[in-house]
Amino acid sequence: MAKLKEIKDFLDSVIPLETQDSWDNSGIQFGVKDAEIKSIGFALSVSKDVIEEAKEKGIDLLITHHPLTISGLKKYADDLYPQNLLIELVKNSIYLLSLHTNLDVSPFGPTAIIADFLGIERRSSIVQNPPYGILGELPSPITQKELLSKLVKFLPRDVFKTVLYRPDFEVKRVAICSGSGASFIDRVCSKADVYITGDVKYHDAMKALDLGLTVFDMGHFGTERLFFKKLISVLSENFQELEFVIFEEKSPFEVVKDVE
């Protein structure tokens, strides 16, 4: 077993809390620092299904990418969202720790995981302070179709969309920002052949189209669901006595094909 404070302090040492964005709310969402932890569950977001799985598997600590709340809560009632989830966590003594934008800008985060999978070289961040996103080059040029095929096989299933998809066009320079990266379209349009991100809205897509930038919108869920891959590795090396569980999750979005 390990104390919650020990786990929190270790995570702060490798993914510093102070690197989160000014508006964010990473860290312990609910917890007793001296509590003994035997098992840790990983989920992108807190949900009723996640909490039920945590209860069934006897999870002591839930580590999520998304905080339960960012702006804070003024009222606590079980007919309000997300207060109902927090109340259920408290009732069952399931502690919650979130690693959000501090993980996003970390070499352990989901953007870095995608970049590592693609073998991105000569890396730099899209913006500074905080250093969101990764710009870089593929080891060798491939077509847009080949790149998309790689991503579809690697990333968890979500609703995937493209802007200015040209299957046979060559790709060498790639920009990546997991989650919601549409605000960086202006920054990457002259620096990347393809921008891999999520949560691209209509007007963002129109801007990319006008700028001649190919965008692969692989979904917020799709680009961030694997946030735990490096976390489990580094935690298991330092807390070998703990049990680690990856929760079942799926995107809240569905593609409807059978409507006439």
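From the backbone N, Cα and C atoms, a Cβ is placed for every residue, glycine too.
Keep in mind that TrEMBL annotations are predicted by a computer and have not been checked by a curator.
The shown structure was predicted, so the numbers you read here are calculated from the model rather than taken from an experiment.
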Candidate from Asp104, Asp186, Asp258 that TrEMBL assigns to the same divalent metal cation site as His65, His66, His220, Glu224: Asp104
Sorted by sequence, non-His65, His66, Asp104, His220, Glu224 residues with Cβ within 8 Å of centre, divalent metal cation: Leu44, Ser45, His100, Pro110, Ser178, Gly179, Thr223, Phe227
